[in-house]
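Visitor: Here it is: the structure, laid out below.
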Amino acid sequence: MVLKGHKNAILDLHWTTDGSQIISASPDKTLRAWDVETGKQIKKMAEHSSFVNSCCPSRRGPPLVVSGSDDGTAKLWDMRQRGAIQTFPDKYQITAVSFSDASDKIFTGGIDNDIKVWDLRKGEVTMTLQGHQDMITGMSLSPDGSYLLTNGMDCKLCIWDMRPYAPQNRCVKIFEGHQHNFEKNLLKCGWSPDGSKVTAGSSDRMVYIWDTTSRRILYKLPGHTGSVNESVFHPNEPIIGSCSSDKQIYLGEI
């Protein structure tokens, strides 16, 4: 099955929680929702005025999606309504977005190196997390919803404690070894289903997997001939999938 409709590259893609739809983001300034059964586009979201870099569906509650764009805004969409229901204006391009576990907050990262926490009810930034020395290229919420993983162009992968009343310094772990380069691809990151491992894209053509607790590199998988832009764990098998600028998708056993 091929999902056709975007007029440019596709930079981000996520399943909705129930697995019935795929949400995608593109430099064609749109997000799109697709029905997985039929392969048909069921919604086109076209209110951003520049590249849409990132999207993320909510885990629970109403069917919401957040998007982040080079137009300097994050937008909140309700799949049951026309148009964006909320806009969160920032001063800089937004390159990565994610939802909190309870779907009451969104997290954004951009070229100002900061991670911002927005309260949906108030519509404003309630917390700013500083620590990355270069732009944020990817972010992913842990399976238990307590921690946020961020990939930065400073070649650091950070875990932040997002629980309420966590200590002031919320960066609890830093992983290193992977690379970013002049291509400035938005390299993503992700968790294993049980949260025991993390993975991140890397410009040195390797797939990196770290142990969450010890922070050591467990696997450095070769094979790709271009930048590895994203790597994802299989939901229940010891398999990792990776996609690259070499136009290949690899599946590796770990």
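Backbone N, Cα and C define each Cβ position, glycine as well.
TrEMBL annotations: computationally assigned, not manually curated.
Look at TrEMBL and you will find 3-44, 45-87, 94-128, 129-163, 191-220, 221-254 tagged as repeat 'WD'.
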Visitor: Quick one: DSSP breakdown of the repeat 'WD' (94-128) into helix, strand and coil?
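Guide: In the repeat 'WD' (94-128), the DSSP-based counts are 0 helix, 22 strand, 13 coil.
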Visitor: Do any residues, 6 or more residues outside the repeat 'WD' (129-163), come within under 8 Å Cβ-to-Cβ of it, and if so which ones?
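Guide: For the repeat 'WD' (129-163), the list is 54, 59, 95-102, 107, 109-117, 170-176, 178-180, 184-191, 193-195, 198, 200-201, 210, 212, 230.
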Visitor: I need to check the long-range neighbours of the repeat 'WD' (94-128): which residues 6 or more away from its ends have a CB within less than 8 Å of a CB in the stretch?
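Guide: Those are 53-62, 64, 66-70, 72-74, 76, 86, 88, 134-141, 144-146, 148, 150-152, 154, 160, 162, 186, in sequence order.
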Visitor: Could you give the residue numbers and ranges of same-chain residues that sit at least 6 residues beyond the repeat 'WD' (3-44) on either side and whose C-beta is under 8 angstroms from one of its C-beta atoms?
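Guide: 50-60, 63, 65, 67, 69, 77, 79, 186, 188.
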Visitor: Helix, strand, coil: count each for the residues of the repeat 'WD' (3-44), based on DSSP.
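Guide: Going through the repeat 'WD' (3-44) residue by residue, I get 0 helix, 18 strand, 24 coil.
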Visitor: What mean pLDDT does the predicted model reach across the repeat 'WD' (221-254)?
Guide: 94
